[in-house]
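Annotated features in TrEMBL:
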type	residues	note
COMPBIAS	1-14	compositional bias 'Basic residues'
REGION	1-23	region 'Disordered'
DOMAIN	32-292	domain 'Brix'
TRANSMEM	76-94	transmembrane segment
COMPBIAS	317-327	compositional bias 'Basic residues'
REGION	317-496	region 'Disordered'
COMPBIAS	328-342	compositional bias 'Basic and acidic residues'
COMPBIAS	355-368	compositional bias 'Basic and acidic residues'
COMPBIAS	369-380	compositional bias 'Acidic residues'
COMPBIAS	427-450	compositional bias 'Basic and acidic residues'
COMPBIAS	451-460	compositional bias 'Basic residues'
COMPBIAS	472-483	compositional bias 'Low complexity'
COMPBIAS	486-496	compositional bias 'Basic residues'
Amino acid sequence: MKKKSRKPQHKRNRAKVEAPVEDEPAAIKNAPHSFVIRRGERCSSISRLSRDFRRMMEPFTASNLRERRINKVKDFVHLSGFFHVSHMCVFSLSSQTLSLKIIRMPKGPTLTFKVYQYTLAKDVISNSRKQFVDEECFKTAPLVILNSFSGEGKHLKLMASTFQNMFPPINLSTIKLSSLKRCVLLSYNPVSKLIDLRHYSVTVVPVNLNRGVKKLVTRNIPNLGKFEDIADFVEKGHLLSESEADDEEAHVVLAQNLKCGNLAENQSSLRLHEIGPRITMRLMKIEDDLMTGEVLYHDYIEKDAIEVEALRKKRAQQRRLKEQRKHKQEENLKKKENDKKEHRAKTSKQGKSGELTERDRLLLKDAEEAVGDISDEDDREYYRKEIGDNPDEELFESAGSGNRKRPFIPKGSNYSLKPKKPRMDKRRQYEEDDRLARQDGKRRGNEGKDKKGKAGKFAKKGMGDDFRGKSKYNGGKKNNTGGKKSGGKKSSKRNGKQFAELLVLDNRSAVQFKEEAKFINFHLLRVIQWEANAILLLIA
């Protein structure tokens, strides 16, 4: 019976079905898209400002764009073509100033503004007397309103065209008034050269209606606690308080029907609710290329024609050198590819023909001479020559044995060919040592009782406990216990006999150590020789 899988059913591998790729409509593809990123030093206020700016640029912007410190501006430039990005706004914070760069993708120009003041959207909404935020208004693009950008100077025309091209254009013949729910106001002050950016939400309220009827039409639930019925509420609606007074300059005649009682050919009142952010900035410079091109305009630095021409020549030379390096790199890549192909063809041809070159023959000959015929007699002779003594008979017994066959291992068994590691548990040995130590302690205690009269005043009650748990031989050191030696002649004879046995064991271990050292040195030399032969074979 097949074993059931432990993997949950929702995590098992299933046949992947490719989702159908739907082509975007031409209106969405041709609409200007934007990236809003931040560079330089990290600041929570600048992060919030960039998010508010993205919200203002919706819906044709990357609202959930994630950026990291390792990301460069070039990374976003490479992705701009795939996502139809036409503009990129970069907030750059340094230790001194905050700047805003608006870049036309992918070849420029680049407009650099210095930000003097800014207010976040949450602060603008919290300080307003009547807070109004409609999430539905961010599903459509805002209306751009430019003020006082008609002065003299090419930089003003370039600024006006850049701000207009950041948002989708409006076709007056096909536009629906219900889609115009937001507006972005850009006002230029020719005296201070400052640009004020404001963001508003637009609402339309019918005019010349009773306040009670207006509340019902605009879907505001009235409080009928002070009235007997709905007719009383409509008749006495003029007694209700109004939070905002209607301005006659804000009255317009609508061309289309809208919701909440706004009918065509009737007057309605436009009301603006600021939803932020606020930005006050000033144009500093305009560059021709993507942040690195020729400076077309600068606010406070002016250069004569000679300096401009010198900079232009220098930039042209740098561009020429860059093209040369790029061309050289391409040639080197092609050369490497050709060399690889030639080498691959040469090796494949040589392998098919089976012919060896003169160099290959010499290498194989040297390897064969170095390796030679390895036999048991050669090993014995090499051992006699290097060690100076005849090897043991059992040393090379297994060297000449034939090929060993692997034992048959039944399928599914836990048997392994690897040798088992010896158990390092010495608990039994420690228990045996403690048992012997206790027996010695008891024997010494009994001998001390027998010779209690001879010990005199130097005898101690716990004399035998000094040797408990200690080894029988202490390396020839004297026992500095402050008393006389206990045990008499019998104990001294027994200690002398044990000392002689230990000396014999030490001599045997020394001889065995010399034999083992000879054996290890011999095998080390053989291993070094085999490794050298293997290296020669690999080189061949």
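Glycine residues also receive a Cβ, built from the backbone N, Cα and C atoms like all the rest.
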Within the compositional bias 'Basic residues' (317-327), residues counted as helix, strand or coil by DSSP: 11 helix, 0 strand, 0 coil
Please give the average pLDDT for the domain 'Brix' (32-292) in this predicted model. 84
DSSP helix, strand and coil counts for the compositional bias 'Basic and acidic residues' (328-342)? 15 helix, 0 strand, 0 coil
